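Take a look at the structure set out below.
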Amino acid sequence: MWRLPGLLGRALPRTLGPSLWRVTPKSTSPDGPQTTSSTLLVPVPNLDRSGPHGPGTSGGPRSHGWKDAFQWMSSRVSPNTLWDAISWGTLAVLALQLARQIHFQASLPAGPQRVEHCSWHSPLDRFFSSPLWHPCSSLRQHILPSPDGPAPRHTGLREPRLGQEEASAQPRNFSHNSLRGARPQDPSEEGPGDFGFLHASSSIESEAKPAQPQPTGEKEQDKSKTLSLEEAVTSIQQLFQLSVSIAFNFLGTENMKSGDHTAAFSYFQKAAARGYSKAQYNAGLCHEHGRGTPRDISKAVLYYQLAASQGHSLAQYRYARCLLRDPASSWNPERQRAVSLLKQAADSGLREAQAFLGVLFTKEPYLDEQRAVKYLWLAANNGDSQSRYHLGICYEKGLGVQRNLGEALRCYQQSAALGNEAAQERLRALFSMGAAAPGPSDLTVTGLKSFSSPSLCSLNTLLAGTSRLPHASSTGNLGLLCRSGHLGASLEASSRAIPPHPYPLERSVVRLGFG
């Protein structure tokens, strides 16, 4: 019992103060070893074995010697007792964990099948046999069965070896979910890869079904994969070329707006050389009007033809006009080709082509009154005020439609409201003659005095207002068709017919360069 206080004092020398144990520091005895005042002593019970003889009676020198020796050893307690407690506590925790692992291993059922499936190869086997493996990978061809072939039974022997090679290049602790989240971002996946993915998953589900090998099918599959890769590379190259062409065309339009025609034409030419139809059309405009390059109609026709062959509606319209304007194209096949291109552009919704065909079909040898009304009506509904005015003439004279004077007046009013000067002049003439609400006979007389024939050649003064319309730069000066004897006027006359504007061509290029 007399050793217990010493053990407690040795284990808890710092946490227990003298006030708790009601012990004061031991002072220095004259004949004993000296102790420091900071050393704490635990209470020592009265271990005097003298019994009831009283304090003055001693149990002998041997008994007092053991007590003094123990007190002297207790006063020399080492200050490293906290480190000892931590060390022993750590060892105790490790021992508990070891016992827990031993208990868990002992609870598992024993057997060769369980040991094989619990090996570290099992997660890699499931990974390499899953459809998440890249469909175009060379490893997958040796691991997964082909879509048409059997599921080889030796894949389980080869997969761990391939899995070890792959594990050296990837972190070993990545999860199945992280792989699934990263796979859709693979840029090399295309449509054939998805098709192979479906076949791979179905072959895994039917892995237990035996089948005969088909070497020919595997070769065809490899060939199709090779072709798919080549198609993917070609598509990427075409996309890159298109992006560069769009950038060049955009720079050309920006330079055209800023007035740098030379730089604009240079950018248009670079984009046109890459096969971009919109840049080819813009380059044709520059050649036709001499902006940034000397004026050359033959080169303009060439660029229009290149863009028209790709389905560019504005290029089809301008190329058809050039064919009709060329004296060498007076023979029938070239005219039919020009009319066919104009129809394609008009059917695509191009207002300029619709207006041009509406007037073209009122003149020989293309005279077709019903088709003329059709295209004039389409152009008028697309906002062309001049076509609305021409449609009013057709209703007033019964050209291609049943004669309707009220509809003719409404067409004149709608065209005049859009700023058409010819329609405004026609309305003023009707009002000055007292024809604001005329009878049928009065309006017939007025119409006969004003118009001798609704044909194109008789509309010289009526079509003169076309030169003052905003779309005259694209449709041409239709009022000069009768005086020139053939469709279209010279480029000089067309340029003079365009209303004065700081950059008429630049506005046309910017508006139509991306259309």
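Each residue, glycine too, has its Cβ placed from N, Cα and C.
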Among 86-105, 306-325, indicate the range for which Swiss-Prot gives the feature motif 'SIFI-degron'.
306-325
Secondary structure content of the repeat 'TPR 4' (313-350), with strand meaning DSSP E or B:
32 helix, 0 strand, 6 coil
Mean predicted confidence [pLDDT] for the repeat 'TPR 7' (472-504):
35
